[in-house]
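**Q** Take a look at the following structure, please.
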């Protein structure tokens, strides 16, 4: 909803915006829509939680402009599908918040501030493991731990036992709903991992990534827990190498030993999963995914890369599915359950961190990150076409932001990746998009001076 009325035939969009009537009509339409909004009369049986890893407000603003420019417009007037939702709010990740939607009663005693703050128990700035545990399991935790309360210590296996906390995905499955995970990262990564794993380290992808002490104390790697902890109906993403024995050739890159399986215990977790699930199916490329019959498969695992999936801008469209295609396949399978479903969808593409939005920002690759945000928005739009608001609650949120901004007094229609119109103080041009992480912008002799605190 928004400014969608028909413009006078002789007015182009920029000219129309110069008339007060354009803005007055838009304001009236928005007010009318808000006043006509009625509260939901029944409880939703389906929940879809979209999570843009690292997708802060500046990322959303830039992605909105990029979406419009991809469509041939100036970009600024574009609207993301997620921005058309009837309810929007700002919310911080914590144990009291699920996915950015706050539904709280009025209380005589104000809620403790910790209910609304983004920190993990031990860190001022959180990571995707701590935030994932917060919005999926409802409790604050220590950084880099998954599915554990704050009593667990990062890297200490023995602190796992007795401190496990269950996720909304796990509880939905116990309630008889079908459940699924879609991610552009490896399915063992921090954000999806918080939905099913209990691990003192987010990096324990396979047993080969675990210290001997942890193995000796009885802790299980995240890939093992993916198969054995919760009965997950749909699992789509990357992460093949953590599921098969060492030296097992990858089906897509059989000549590249770097992509081989990594497990030291000799287990083939894909085979174990298939044998334990009636009506289960495994695929590793887009062709296989497209061939899956939605009405005949109860369990689907699709692992499309050895580690994280490729950025959308680098994706081979004939071999790797997009996040939109994975989301659609998951919904078509999960919605057959009359009891409903819970689906977690994440885009976090950064070469060393988490979802691909997040990954792009970590690497300072704005175009990669923004395209991932645009694709996540397309997945949101497609999910809306496949479901009904009468029985489906769709939530879109982020787990944290990034030191990403854009400015520079750029003119209307300027490429979101373009230059600011003026030079910086050093007389050099600079891009509108900037990444900043504290002191260090001053370059001397090819390096920056060390940061220091004031005396």
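Just so you know, glycine gets a Cβ as well, placed from its N, Cα and C.
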**Q** Kindly point out the range from 202-222, 223-243, 244-264 that TrEMBL annotates with region 'Disordered'.
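**A** Region 'Disordered', as annotated by TrEMBL, spans 244-264.
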**Q** How many neighbouring Cβ atoms, not counting its own, are there within 10 Å of the Cβ of residue 346 (Mg(2+) binding site)?
**A** 32
**Q** Could you check which of the recorded positions 128, 399, 400 is the closest Cα neighbour of residue 191 (Mg(2+) binding site)?
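**A** Looking at Cα distances from residue 191 (Mg(2+) binding site), the smallest one goes to 128.
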**Q** Considering only the recorded positions 53, 128, 189, which fall within 10 Å of residue 399 (Zn(2+) binding site) when distances are taken between Cα atoms?
**A** 53, 128
**Q** Report, as a single number, how many Cβ atoms besides its own are within 10 Å of the Cβ of residue 128 (active site, phosphoserine intermediate).
**A** 30
**Q** For residue 191 (Mg(2+) binding site), what is the tally of other C-beta atoms lying within 10 angstroms of its C-beta?
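**A** Other Cβ atoms found within 10 Å: 28.
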**Q** Give the residue from the binding-site residues 189, 400 that has the most other Cβ atoms within 10 Å of its Cβ, counting over every protein chain displayed.
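**A** It comes out as 189.
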**Q** Write out how many residues of the region 'Disordered' (244-264) are helix, how many strand and how many coil, based on DSSP.
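**A** When I sort the residues of the region 'Disordered' (244-264) into the three classes, I find 3 helix, 2 strand, 16 coil.
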**Q** Tell me the Cβ neighbour count for residue 53 (Mg(2+) binding site), meaning other Cβ atoms within 10 Å of its Cβ, over all protein chains shown.
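**A** So the number of other Cβ atoms within 10 Å of residue 53 (Mg(2+) binding site) is 32.
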